[in-house]
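Below: the structure, in structure tokens.
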């Protein structure tokens, strides 16, 4: 949002106004260029770590089945639970985080322009401040919980805190503009901070619940869920109103917290995770 405001100001001051490049399209072109650079850097700099030795040591611990025999029904049930239930819960939390992130971003700009009468520049600066504070909180929580071994508890507490933050975003019929801005900014900051902390717990936990050979696939599905959530959240945020936004956010947070609480026993680290 901050770069969007900056690009718009530069284009406006340079008085560049045509069908392709103007104050409305410049932020989009800028983001397209940034995503292109991101994809190039991702392909050039990221490499899969050599996990062959870990795979060998992990597979050596697994008992080999005799020829002609397969795993028992109990083993199949146990494998199904450890490979599906826990990771699905974590993937759902990452999907909810993606939905709420873009939903809040789109709706915040809509709220500032449609209900408060702000300009695009003021809306962008308002959203930038909220995202900056939420990001700082996430970095601080990352430092505080980096050595924590209770991912399940952290995931549950962060999901519950996100639900409590969504309550602040309900429409209370405040008349004063200052009160509306203050309450909305507080609720949005708390919601983005808590749901992103929950995502930070969910993504690594998902890969710890499966054997080592399934880590990449589980991580891929978590990224797919988060990406699809971001796309759906943008559409959802543009359709919500002041009366429905808080309840929709509360519903998503409640579903994430309820799924984590109901499946706590399934969120156990797999001994074959490596």
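Easy rule for this one: first residue shown is 1, then count along the chain.
Cβ coordinates are placed from backbone N, Cα and C, and glycine is handled just like the others.
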Per TrEMBL, the range holding transmembrane segment, considering 28-46, 47-65: 28-46
Transmembrane segment range according to TrEMBL, out of 180-198, 199-217: 180-198
Most Cβ pairs under 8 Å with the transmembrane segment (153-174), selected from 84-109, 115-141, 219-239: 84-109
Per Cβ pairs under 8 Å, the stretch of 84-109, 115-141, 180-198, 245-263 packing most closely against the transmembrane segment (219-239): 84-109
Same-chain residues near the transmembrane segment (84-109), Cβ under 8 Å, at least 6 residues beyond its ends: 1, 120, 123-124, 126-127, 130-131, 155, 159, 162, 184, 188, 191-192, 195-196, 198-199, 202-203, 205-206, 209-210, 218, 221-223, 225-234, 236-238, 240, 245, 248-249, 252-253, 255-256, 259-260, 263, 266-268
Chain residues in Cβ proximity to the transmembrane segment (115-141) (below 8 Å; excluding those fewer than six residues from its ends, i.e. six or more beyond): 1-2, 4-5, 8-9, 23, 105, 108-109, 177, 180-181, 185, 188-189, 192-193, 196-197, 200, 242
